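Trainee: As annotated by Swiss-Prot, active site applies to ARG174, GLU295, with the evidence given as sequence analysis. Annotation comment: Swiss-Prot describes SER225 as active site, proton donor. Marked as domain 'FAD-binding PCMH-type' by Swiss-Prot: 29-196.
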Amino acid sequence: MDKVIQELKELEVGKVLENEPLSNHTTIKIGGPADVLVIPKDIQAVKDTMKVVKKHGVKWTAIGRGSNLLVLDEGIRGVVIKLGQGLDHMEIDGEQVTVGGGYSVVRLATGISKKGLSGLEFAAGIPGSVGGAVYMNAGAHGSDISKVLVKALILFEDGTIEWLTNEEMAFSYRTSILQNKRPGICLEAVLQLEQKERDQIVAQMQKNKDYRKETQPVSNPCAGSIFRNPLPEHAGRLVEEAGLKGHQIGGAKVSEMHGNFIVNAGGATAKDVLDLIAFIQKTIKEKYDIDMHTEVEIIGEKR
């Protein structure tokens, strides 16, 4: 790994951190160390990093802003690439927006609303990066990324980079082709929006933000929604009806505000969260005969 670190630093790809605690890079403030964490300064730096990784046959993992993510306590071996400030560009051309995978979804939604561009009102208050939103087809309030994405620049597992159209992304509820059939990460996205009355867009976004603040634990460290909604049921409602709000294992606690959120109540480990998830799944299965599948991405070394 020393040679990998040396080459990455020589190429000046951006920040290169050794044995970096990933709890510093996740919204739930949980996660063991990455052998090496690279925060690339631009897309070329991502390409250069991948060349080094492939040359040495080192395992690699990519993360965004750390929302909707649970990193296990043992951390992640190999190189972790964090898409952040180096990939946070945005260009507007009429009703089309090109945006980097590291760009904040909240910042994007707010910025385009001020330009009178509609299509991302649903994203008001959604934490995380554009790359992560594309990866999991993030959504709320009856809409999602698939409704506005034209194409996405994807870095695949084998290190190749290519554009995929909306159709090729094979979007469905909180899912894209990147999660299983063609594992990869989004470096850049092109979105098709619609010019509308600015005041109406801003008002709708504020309404969505207020709803999120009133119903979700935005002030506590959490990873976002833990479970996918087992349609037509809602995960949070099932957890609440089962009397599990406030249930705690170790430092992990089911939010008192919303049943589909687990918060870090202090000193929580990934094991605490996993044990709590398993307890919820078992309880819901026994009470309602419904299987609860996780929406949060769980990555890292298993003991």
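Using the three backbone atoms N, Cα and C, a Cβ is placed for every residue, glycine included.
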Trainee: Count the other Cβ atoms sitting within 10 Å of the Cβ of the residue listed as 'active site, proton donor', across every protein chain shown.
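Mentor: I get 21 for this one.
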Trainee: Counting across all protein chains shown, how many other Cβ atoms sit within 10 Å of the Cβ of GLU295 (active site)?
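Mentor: Summing over all protein chains shown, GLU295 (active site) has 20 other Cβ atoms within 10 Å.
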Trainee: Taking the Cβ of ARG174 (active site) as the centre, how many other Cβ atoms fall within a 10 Å radius?
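Mentor: Its Cβ has 17 other Cβ atoms within 10 Å.
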Trainee: How many Å separate the Cα atoms of SER225 (active site, proton donor) and GLU295 (active site)?
Mentor: 7
Trainee: Looking only at the domain 'FAD-binding PCMH-type' (29-196), report the model's average pLDDT.
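Mentor: Averaged over the domain 'FAD-binding PCMH-type' (29-196), the predicted model reaches a pLDDT of 94.
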